[in-house]
Amino acid sequence: MRTDRTFTMLKPDAVEKGHIGAILDKINASGFRIVALKLTHMTTQDAKAFYEVHSERPFYGELVEYMTRGPIVAAILEKENAVDDFRTLIGATNPADAAEGTIRKLYAASIGENAVHGSDSDENAAIESAFHFAGREMF
Ligand code: RTP
Ligand code: MG
């Protein structure tokens with residue numbers, strides 16, 4: 001059996017609304033082990049680099065503004081099939097399309113402010129984890 005890792009951020013809207021505890025509880029209850037965890041505030045440079053893949057999209061500027069307007073919670077999560085299972089747990093990008101019981105259905109306001117990030121591949125999970133955490137911060 002393979003044990004995989006994914007990377008997540010509880011975005012500024014989730015932190016502002018006081019949902020850190022509830023979301024981490026749901027993540028734990030869904031079988032993910034927290035391997036790394038911190039409250040941090042992305043700079044504009046950080047957010048631009050993290051979402052570089054979307055730099056040509058019309059929402060890029062808004063996305064960078066949103067992701068830098070307050071602190072986020074960054075975490076690395078471990079579970080068999082972590083990337084896909086976590087994307088299932090968070091639900092569709094637009095909370096209006098997200099399945100009942102998913103984190104975005106429960107806590108997200110809109111497609112732009114959607115409470116939580118989940119890596120979309122094992123490769124990106126590793127890149128995004130290294131973006132936010134030093135090796136000594138992963139357990
Ligand atoms: P994420 O990367 O944050 O886990 O989200 P995702 O894969 O479900 O969606 P993605 O296409 O990667 O988009 C990244 C984030 O950009 C914002 N967004 N806004 N206004 C819009 O139409 C729009 N579309 C995307 C969201 O915050 C989305 O999570
Ligand atoms: Mg994405």
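Keep in mind that glycine also has a Cβ here, set from the backbone N, Cα and C atoms.
If you look up TrEMBL, you'll see 3-137 marked as domain 'Nucleoside diphosphate kinase-like'. Taken from TrEMBL, the feature ATP binding site covers K11, F59, R87, T93, R104, N114. Feature annotation from TrEMBL assigns active site, pros-phosphohistidine intermediate to H117.
F59 (ATP binding site) carries neither a helix nor a strand DSSP state and counts as coil. Around R87 (ATP binding site), the same-chain residues at least 6 positions away in sequence with a Cβ under 8 Å from its Cβ are G118, D120. Maximum intra-site Cα distance, ATP binding residues K11, F59, R87, T93, R104, N114: 21 Å. Among the binding-site residues K11, F59, R87, T93, R104, residues whose Cβ is positioned under 6 Å from ligand 1 are identified as F59, T93. Under DSSP, T93 (ATP binding site) is assigned to coil, being neither helix nor strand in the three-state scheme. Under the DSSP three-state reduction, R104 (ATP binding site) is assigned to helix.
Of the listed recorded positions, namely K11, R104, H117, the sparsest Cβ surroundings within 10 Å are found at H117. Cα of F59 (ATP binding site) to Cα of H117 (active site, pros-phosphohistidine intermediate): a distance of 16 Å.
In this structure, of the binding-site residues T93, N114, the smallest number of CB atoms within 10 A of the CB marks T93.
In this structure, the CA atom of T93 (ATP binding site) is 9 Å away from the CA atom of the residue listed as 'active site, pros-phosphohistidine intermediate'. In this structure the alpha carbons, written CA, of H117 (active site, pros-phosphohistidine intermediate) and K11 (ATP binding site) are 7 Å apart.
Within 10 Å of the C-beta of F59 (ATP binding site) there are 12 other C-beta atoms, taking all protein chains into account. For the domain 'Nucleoside diphosphate kinase-like' (3-137), the model's pLDDT averages out at 98.
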